[in-house]
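Engineer: Sharing a structure, written as structure tokens. Questions coming.
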Amino acid sequence: MRHPLLERAWELQDQMVADRRYLHQNPELGFELPLTTAYVKKRLAEMGYEVEDICPSGFVAMAGKKTDGKVLLVRADMDALPMVEETDEPFKSQNGAMHSCGHDIHTATLLGAAQLLKEHEDELEGRVKLCFQPAEEPIKGAVEMIEKGVLENPHVDAVFGTHTSIPMKAGAVRLLEGPILASSDIFKVTIHGEGSHGSMPETGVDPVNVAAHVVIALQSIIAREVSALQPVVLTFGSIQAGQAPNIVPSDCVLQGTLRAFDPEVRKFAKGRMEEIIHSTSATFRATAEISYESETPPTVNDPAFTREMQGYMREVVGEDCITEGPRIMGSDDFAYFTEQRPGAMFHCGMGTREEGHLFGLHNPKALFDERSLPAVAAVYANCCIQWLKHNK
């Protein structure tokens, strides 16, 4: 027999699908979300919510009437990615952007949860701050909302959120203790050499040669300086230099990411990375500049909060609540929320490979199973109701 909230969530399935498909068909980027915010605010108003703007395209709505209880913030990110969709869905996007990370799912399920919470508002022993966030993909939205006071007025006691996962059974949820997403330091290295003709490289300093040595040398950090029991990933995604085949360029620009779960390992790896870049460049008579586009910490689920929420999730989905499994080296700016308050992020399954979900997140062919929507909405609602009840 289904949990009453899950039963009601299935009755809301058509509306959640409609919400999700509108958002999917109209993806927007960063802080520029005019269609998205107008739609979400309209849906919240239809349910009887008042909306408070926090930052550009970022806003909250409050569920609950008891001002003397605790406040649980539940967050959904709303922005998409700049890529052309390559699925055959009838509601595929047409504007050169795509919800390939599932933020349309996040938003639609939080709207579903908002409806459930409104219907059970008298049962709330505190308040739920429904947080709709822009600009997760550029790793800027959470910081902006926190700086603009989203964790205050009223003061937030804990935070909760979800992220889609492929491959994973649709309707299943996974909530693990401790670090569940890695840090992400997005860096840029500019190696300054001295240009020359390709026939006389000895008259200059070849930054491409230096870059090659830097890339190889940096991998020794992972292979020989960090324990094999500590996950660390160092990846270069872009190397750019010169325009002509017979000219040694003056500069070479490398861009990449460094990821880790452990803060001390992250600090050590960043320090060694900078030392090796500068020393290797100096060895070959070049210089180097290092800058960071973003420095996102790992997302860490508070153990006590996580264990409590696991129990409330099992009430809704039973054995489809998974409490063990692999951590993911991807990152999310929800980490800034869990830095400030105890909380957790859970993963929600969007389909298995056997069901035809062959492509992961951030892929233009990614498919998301809409049968997952009721479970996520009901899990949200039950966790909010029960956490406020047991944490007066």
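Every residue gets a Cβ built from N, Cα and C, even glycine.
From TrEMBL, for reference:
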BINDING   Cys101, His103, Glu137, His163, His362  Mn(2+) binding site
DOMAIN    187-278  domain 'Peptidase M20 dimerisation'
Engineer: Reduced to three states, what secondary structure does DSSP give His362 (Mn(2+) binding site)?
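Structural biologist: The three-state answer is coil.
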Engineer: Per DSSP, what is the helix/strand/coil residue tally across the domain 'Peptidase M20 dimerisation' (187-278)?
Structural biologist: 38 helix, 31 strand, 23 coil
Engineer: List the same-chain residues at least 6 positions away in sequence whose Cβ sits under 8 Å from the Cβ of Glu137 (Mn(2+) binding site), in sequence order, or say none.
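Structural biologist: Within the chain, Glu137 (Mn(2+) binding site) has Cβ neighbours under 8 Å at Leu29, Gly30, Asp79, Ala80, Leu81, Cys101.
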Engineer: Can you give me the same-chain residues 6 or more apart in sequence from His362 (Mn(2+) binding site) with a CB-CB distance under 8 Å?
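Structural biologist: The list for His362 (Mn(2+) binding site) reads Leu81, Met83, Ser100, Cys101, given in order along the sequence.
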Engineer: With an 8 Å cut-off on Cβ-Cβ distance and a minimum sequence separation of at least 6, pull the same-chain contacts of His103 (Mn(2+) binding site), or say none.
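Structural biologist: Spatial neighbours, sequence-distant, of His103 (Mn(2+) binding site): Leu23, Ala76, Asp77, Met78, Asp79, Ala80, Glu136.
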Engineer: Sorted by position, what residues of the same chain at least six away from His163 (Mn(2+) binding site) have a C-beta under 8 A from it?
Structural biologist: Gly102, His106, Asp332, Phe334, Met345, Phe346, His347, Cys348
Engineer: For the recorded Mn(2+) site, enumerate neighbouring residues of the same chain (Cβ within 8 Å of the Cβ centroid of Cys101, His103, Glu137, His163, His362, site residues themselves excluded), in sequence order.
Structural biologist: Asp77, Ala80, Leu81, His99, Ser100, Gly102, Glu136, Thr164, Asp332, Leu361
Engineer: Count the Cβ atoms, other than its own, that fall within 10 Å of the Cβ of Cys101 (Mn(2+) binding site), considering every protein chain shown.
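Structural biologist: Within a 10 Å radius of the Cβ of Cys101 (Mn(2+) binding site) lie 24 other Cβ atoms.
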